[in-house]
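Per TrEMBL, the features are:
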- 3-158: domain 'Glycerol-3-phosphate dehydrogenase NAD-dependent N-terminal' (DOMAIN)
- Gly8, Ala9, Gly10, Ser11, Trp12, Gly13, Ala138, Arg253: NAD(+) binding site (BINDING)
- Ser11, Trp12, Lys106, Ala138, Arg253, Val277, Glu279: NADPH binding site (BINDING)
- Lys106, Arg253, Asn254: substrate binding site (BINDING)
- Lys106, Gly134, Ser136, Lys189, Asp242, Ser252, Arg253, Asn254: sn-glycerol 3-phosphate binding site (BINDING)
- 178-318: domain 'Glycerol-3-phosphate dehydrogenase NAD-dependent C-terminal' (DOMAIN)
- Lys189: active site, proton acceptor (ACT_SITE)
Amino acid sequence: MSKVTVLGAGSWGTALSIVLANNGHEVILWSALQPEIEMLQTHREQIDKLPGTKLPDNIEITGDLPYACENPDLIVFAVASPYVRSTAKLAAPFIKESQMVVNVAKGIEETTLMTLSEIIEEELNNADVAVLSGPSHAEEVSKGIPTTCVVGAHTKETACFIQNIFMNERFRVYTSPDIVGIELGSSLKNVIALAAGVADGLGYGDNTKAALITRGIAEMSRLGIAMGGRMETFAGLSGVGDLIVTCTSKHSRNRGAGYLMGKGYTMKEAMDEVKQVVEGVYSAKAALGLAKKYDVSMPIVEQINKVLFEDKSAKEAVTDLLLRDKRREYSDLEWEK
Ligand SMILES: NC(=O)c1ccc[n+]([C@@H]2O[C@H](COP(=O)([O-])OP(=O)(O)OC[C@H]3O[C@@H](n4cnc5c(N)ncnc54)[C@H](O)[C@@H]3O)[C@@H](O)[C@H]2O)c1
Ligand SMILES: O=P(O)(O)OC[C@H](O)CO
């Protein structure tokens, strides 16, 4: 049995706390939000986001960050991406040398273009920072619906330690050394999912969805490989796996927000309606920034940025994608003669 602290008590932090508690660990679930703390303490349930699932007794809810950071075996970062840096900064004075940390949030910082694990590493001196990602909606994980994820870490020992902490007969965890590939896949898929939602909102069909998923993974992997990630990772759980679930699931926040925009909502109206964090909106500009930095073509990311931030009509964006310059499906596949 280990001591695990989970920072962030939204859908994902709560669902993972339930997995960890059911695995027999002693869990501290911390939130920065007083109403969230009170709701979890009073009802022992994330009523707003995971209604109907009670928290096991071995989850302690707190708003006391120094206490939450007091010597756990593992800290799970599950706050929404815009709060990862501020939370790490606040926690840093209370965190021990070489603390093992796993980031489960998905995003890229707009101002620095850093991944979330890089931010945590920067803020927490000497922490051993890993990532956990994959096709995993909190609504299903909290109910014990079979789910698979992958943990990426700097060493095999850390990856296996975290794998053992999370894994059970309903939650299978693989390991990988490809941290950058995992984090880029998990962040970029949210941007593509917005586009898939827009297509649904416009009333387009399965052909359009399949096109966005397939061409989406092509552009995600082009950027990811340019940044040092591995193609295998983009073909894996945190790449195409997460992209499929996000672009198709009724639970998806990003697809849901895109759907509303396809129906004519503004970005702000769509985000308010979804009520939970729509990470693709926060990562879209950063994805475009990385595409420019690494000189990689990302046409879907480009068009979704125009819809989100330049008031371009969604219909026009789809037409512009379809009528781009003619090209080969994969530029490195050449005819022999
Ligand atoms: N929900 C899922 O199914 C799921 C699955 C995998 C990964 N994720 C990722 O996990 C992260 C969290 O997602 P979520 O669905 O739990 O979001 P959410 O909207 O349900 O919750 C976000 C949480 O962030 C925390 N927060 C809000 N404001 C804060 C502040 N000022 N300072 C510190 N913390 C603050 C709160 O605990 C809040 O509940 C996201 O990056 C998301 O992409 C979510
Ligand atoms: O599908 P979303 O947009 O709710 O994102 C949640 C998770 O990242 C799915 O793995």
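Yeah, the Cβs are placed from backbone N, Cα and C, and that goes for glycine too.
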Contacting binding-site residues, sequence order - Ala9, Lys189, Ser252 vs ligand 2, Cβ under 6 Å: Ser252
For the domain 'Glycerol-3-phosphate dehydrogenase NAD-dependent C-terminal' (178-318), the mean pLDDT of the predicted model: 96
Among Gly8, Gly10, Gly13, the one of these binding-site residues whose Cβ has the fewest neighbouring Cβ atoms within 10 Å: Gly10
Any further residue of that chain within 8 Å (Cβ to the Cβ centroid of Lys106, Arg253, Asn254) of the recorded substrate site: Asn190, Ala193, Thr246, Ser252, Val277, Val278, Glu279, Gly280
Contacting binding-site residues for ligand 1, chosen from Gly134, Ser252, Asn254 when the Cβ sits under 6 angstroms of any of its atoms: none
Distance, Val277 (NADPH binding site) to Gly10 (NAD(+) binding site) (CA atoms, angstrom): 9
Rounded inter-Cα distance in Å - Ser11 (NAD(+) binding site), Val277 (NADPH binding site): 10
